[in-house]
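Database features (Swiss-Prot):
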BINDING   Ser47, Thr48, Arg49, Thr50, Gln74, Arg98, His125, Pro126, Cys127, Gln128, Cys260, Leu261, Arg288  carbamoyl phosphate binding site
BINDING   Asn156, Asp220, Ser224, Met225  L-ornithine binding site
Amino acid sequence: MKNLLSMSDAKNEVNAILEIASGLKSGEITEKPLTNKYIGMIFEKSSTRTRVSFEVGIHQLGGTPLYLSSKDLQLNRGEPIEDTARVLSRFLDGIMIRAKKHENVEELVQYSTIPIISGLTDKEHPCQIFADLLTIKEYKGDFNDKKIVFIGDGNNVCNSLLLAAAYVGMDMTVACPEGYEPNEKIYTLAKQEAQKTNSTIKIENNVNEAVKDADVLYTDVWVSMGDEDEQDERERIFKPYQINNELLSQAKDDAIVMHCLPAIRGQEITADVMVSPQSAIWDQAENRLHAQKAILYHIFKE
């Protein structure tokens, strides 16, 4: 794997990367494959977890991170992505980019000669999902016979999680209102891959039905960056899809709750559930560091 834009790029390497993440977290793996390497971090969208975890992780692996806001680059003044890619490939050893459009990252990959890692696009968020899988593995031991329910908007996180669940053999249900389903092509691909791992992928509009026998409940904000003009309508439509104690009680007794953050407490999840004993949210957030270090390690150790 040279680049990571989609979970599909890591289809055959998911478990290997998770093993590296566990080893880095425990301290068993101490090698620093980024020594004397410079990693550019381009941000077209604001970030807390992605920026801090990558910056710290690059340092811990021996490298030097360079924060590059899109407004500080000539991209902001109309320089073609092709030209930017060719030039940055001469200066840097790798790029992590948090972009507004997935197509822009694909173009960056096309003209770069160095590894490109997506820190989020409007289509997928693979780095987040590696942290999620690491968290589920830590809490549940393995993925077989486990059921995760993603509740809310079928967004970029949901898209990547569908593919990941199919690859590792975990059952996944997306509980969402009609019209807010995940990407159709990704959903179809995930269902095809799930057949190979004897897992099930499905969409359920009835959230109460969806959470039955769930091992993991997962949610994200109802209004993503760029959807602010739909805020009132989305809040009305998604209101029945809130993770609260009542909904949580319908899942397994030992079910855990996950959220990729930032959260709007009182909307997609209640404050008491976020800090409850069943919340894995803070371990999940910490695991962004270990998962992203593992991705970098895997790419640059090859």
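Keep in mind that glycine also has a Cβ here, set from the backbone N, Cα and C atoms.
Sequence-distant contacts (6 or more apart, same chain, Cβ under 8 Å) of Ser47 (carbamoyl phosphate binding site) comprise Arg98, Gly119, Leu120.
In this structure the residues listed as binding carbamoyl phosphate are Ser47, Thr48, Arg49, Thr50, Gln74, Arg98, His125, Pro126, Cys127, Gln128, Cys260, Leu261, Arg288; their two most distant Cα atoms lie 31 Å apart. Taking the binding-site residues Cys127, Met225, Cys260 in turn, the residue surrounded by the fewest other Cβ atoms inside 10 Å of its Cβ turns out to be Met225.
Take the Cα of Cys127 (carbamoyl phosphate binding site) and measure to each of the binding-site residues Asn156, Asp220, Ser224: the nearest one is Asn156.
Taking the C-alpha atom of Cys260 (carbamoyl phosphate binding site) as reference, the shortest distance to any of the binding-site residues Asn156, Asp220, Ser224, Met225 belongs to Asp220.
Reported as a whole number, the C-alpha separation between Gln74 (carbamoyl phosphate binding site) and Met225 (L-ornithine binding site) equals 23 Å. One residue stands out among the binding-site residues Asn156, Ser224 for having the most other Cβ atoms within 10 Å of its Cβ: Asn156.
Excluding Asn156, Asp220, Ser224, Met225 themselves, the residues of that chain whose CB lies within 8 A of the CB mean position for the L-ornithine site are, in sequence, Leu120, His125, Asp153, Asn155, Val157, Val221, Gly226, Asp227.
A separation of roughly 16 Å, to the nearest angstrom, links the Cα atoms of Arg288 (carbamoyl phosphate binding site) and Asn156 (L-ornithine binding site). Between the binding-site residues Arg49, His125, Arg288, the minimum number of other C-beta atoms within 10 Å of a residue's C-beta occurs at Arg49. If you take the CA of His125 (carbamoyl phosphate binding site) and look 10 A around it, the binding-site residues you hit from Asn156, Asp220, Ser224, Met225 are Asn156. Using a 10 Å radius centred on the Cβ of Asp220 (L-ornithine binding site) and all shown protein chains, the other Cβ atoms total 25.
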